[in-house]
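> To start, I am sharing the structure in question, which I have written as structure tokens.
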Amino acid sequence: MLNPIVRKFQYGQHTVTLETGMMARQATAAVMVSMDDTAVFVTVVGQKKAKPGQDFFPLTVNYQERTYAAGRIPGSFFRREGRPSEGETLIARLIDRPIRPLFPEGFVNEVQVIATVVSVNPQVNPDIVAMIGASAALSLSGIPFNGPIGAARVGYINDQYVLNPTQDELKESKLDLVVAGTEAAVLMVESEAQLLSEDQMLGAVVFGHEQQQVVIQNINELVKEAGKPRWDWQPEPVNEALNARVAALAEARLSDAYRITDKQERYAQVDVIKSETIATLLAEDETLDENELGEILHAIEKNVVRSRVLAGEPRIDGREKDMIRGLDVRTGVLPRTHGSALFTRGETQALVTATLGTARDAQVLDELMGERTDTFLFHYNFPPYSVGETGMVGSPKRREIGHGRLAKRGVLAVMPDMDKFPYTVRVVSEITESNGSSSMASVCGASLALMDAGVPIKAAVAGIAMGLVKEGDNYVVLSDILGDEDHLGDMDFKVAGSRDGISALQMDIKIEGITKEIMQVALNQAKGARLHILGVMEQAINAPRGDISEFAPRIHTIKINPDKIKDVIGKGGSVIRALTEETGTTIEIEDDGTVKIAATDGEKAKHAIRRIEEITAEIEVGRVYTGKVTRIVDFGAFVAIGGGKEGLVHISQIADKRVEKVTDYLQMGQEVPVKVLEVDRQGRIRLSIKEATEQSQPAAAPEAPAAEQGE
């Protein structure tokens, strides 16, 4: 029989329910987690045996949103969910990052976590629910996992931290921060903020970590009740003799190699040392495992770099702990793009462009929480040549999507509001060289490219990656880490922001015991680095250009009477289509009567504005207009008087004598002066040529207010 084991608890303003034992009983563990009607079903399957020769930990996290959760049918051609969206990929990474460091060293059995969103309350984001579910399922499974973890979202509204704010509350919040950690320590932070201070950000991390303890306690209680026996897994015994033999052959040589400051040269030398060491040892004993020797050598490398940093010696490339690599900043490097920049920091380089488009270029995202439009796009590309390798080139991988989102978060806080700058903006960062922190180089490059494009960003932003090496109570925080320092260190800590505050913070911690004090030191050191980079960037460009690129569309905005919108659009869109073809512009009309005309040529925009003003102009009774004969009928003639408006000149109003035949007086296409006699309730216009000729001078079409140019 199905015997569900259920645990309920209050978590901030929400009620969380954990349920296991009901579904997916052939999986290693399965949990249904719900938080106020948002429910995520999370399963874990772990293989009891590792694949022979497996030398890394094969953990896969899949996060999938089902549209039935929101009571909808997919809008795709096949009416079925397809490959993961960008949002799903980012949440899969969010789940993966805090759980990965909690598996023991040497554990290489395959583990797969699948989180499926099966019900959604539009006010409760499923990401936190999925993270709690993954933590609970892994803890129940018996797989060696040093959890559980808790997860919390923290907002900052009216100078107060808010635990797990609703979607509506998030719109008012100056902060959107997700923090995950164990009972003892924070493991991961992912956030965007509206330029908050270091203390405010650190306070949010600490607040979120304290509040999530209730989740950890309840998962532990559930494990006592429903957990599976812990696997009897033991790491391979350490071969001390072999370790000593490898160290004797390679340690001194590797130590020397890590004094080579050039990355390519250093890599080449390290490869030579490793292959010579392995060849020597295999010649002595053919039964040795090459993979095992590689792992021992990697551990020696790690130890060499870490012990040198902790001893206060210069880093791999000769820098002190808080030194930034040499910077080279250039703007306007590509002639036809709307804005461009080349940002180089040591051996990391990003070519960044900014492109301006109209509102119809905005991305419409059909998400589970509802449809939304994004007018700021940020795409990050990491080609294999950037690290001197060959490889596949194609659609973006998880890492590229994640780095693009982080860089976007870094810039978002300074982007202008749509009503001040009515453009869709796309930033693309091409990483042309990489040795550490390419996502933060993308933030710096984006800030420069946006200024070069004339986008009125509120402030320049820069980003920096920090690292940490910690042994016991001894620790060193490193500024502007290299790729090697990232792999061999204990923390990766990326901070982006302006002179006034932080716009994005991302932290991944690989060890336990990172205290509030260490995070404080890292944040303060990052601020110094950020201000240094901003100083160099400001020498290249210190404010957005006064004008947008001549190749970018200029958006002119005019207001019309909302009642006249139907006249500008016409039947089935006929008038607006004809207008765009005639004037060579893009025209967008909003419900409140705001009309946006986009054109690369100012004359075309003026022509479009003039035509719209003609169409929407009010017809004045008693006024004389110059019109054109469009139709001749037995009882008179129809005359167009501009703006798509047409009136009837009755046969009795053509001349001041009796008219037998209209065509004796009027021809098709003939221009004639006409006086407006009447506009009836249906908007029908009565005209007179007879009375117009009595008045000497015809009037032009009525004037409308001049357009303002949105630049």
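Just so you know, glycine gets a Cβ as well, placed from its N, Cα and C.
Annotations per Swiss-Prot:
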- Asp486, Asp492: Mg(2+) binding site (BINDING)
- 694-711: compositional bias 'Low complexity' (COMPBIAS)
- 553-612: domain 'KH' (DOMAIN)
- 622-690: domain 'S1 motif' (DOMAIN)
- 77-80: region 'FFRR loop' (REGION)
- 327-331: region 'Interaction with RNase E' (REGION)
- 689-711: region 'Disordered' (REGION)
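Looking at the shown structure, can you explain where the listed features end up?
Residues near Asp492 (Mg(2+) binding site) in space but far in sequence (CB under 8 A, at least 6 apart, same chain), listed by position: Ala465, Met466, Gly467, Ile481, Asp486, Gln506, Met507, Asp508. Asp492 (Mg(2+) binding site) carries a strand DSSP state (E or B).
Taking the region 'FFRR loop' (77-80) as a whole, pLDDT averages 88 in the prediction.
Counted with DSSP, the region 'Interaction with RNase E' (327-331) comes out as 0 helix, 5 strand, 0 coil.
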> Measure the Cβ-based neighbour count of Asp486 (Mg(2+) binding site), defined as the other Cβ atoms within 10 Å of its Cβ.
17
> Would you list the DSSP helix, strand and coil counts for the residues of the domain 'KH' (553-612)?
32 helix, 16 strand, 12 coil
> Taking helix as H, G and I and strand as E and B in DSSP, count the residues of the region 'FFRR loop' (77-80) in helix, strand and coil.
0 helix, 0 strand, 4 coil
